[in-house]
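*Asks:* Below are the structure tokens for one structure; questions will follow.
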């Protein structure tokens, strides 16, 4: 920074101790005591981990709900011509594919 007047900053008249003296601290004060509070970085990391876990659980729930709704609507919208395609989407989640007897066609599967 050119043009800045630094006179009066940091001269020895600001400090009451003699010139050349040093302040020393005992070694135990330089370390964190065992009862010290966790640092802010530790708390932020745990908070982010908790938020990520909640987002994961909610997204898995939404995914499961989407699969169940898709199965529900696919089950209703598929044509009754093909028996195997009618029951394949809902067989995994629903136990609604049950046999019924017909005099003309014999035993078939029906998704109700």
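Cβ coordinates come from backbone N, Cα and C, glycine included.
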*Asks:* Can you check which of 51-71, 72-92 Swiss-Prot lists as transmembrane segment?
*Replies:* 51-71
*Asks:* Of the ranges 1-20, 21-40, which one does Swiss-Prot list as region 'Disordered'?
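*Replies:* That would be 1-20, per the region 'Disordered' entry in Swiss-Prot.
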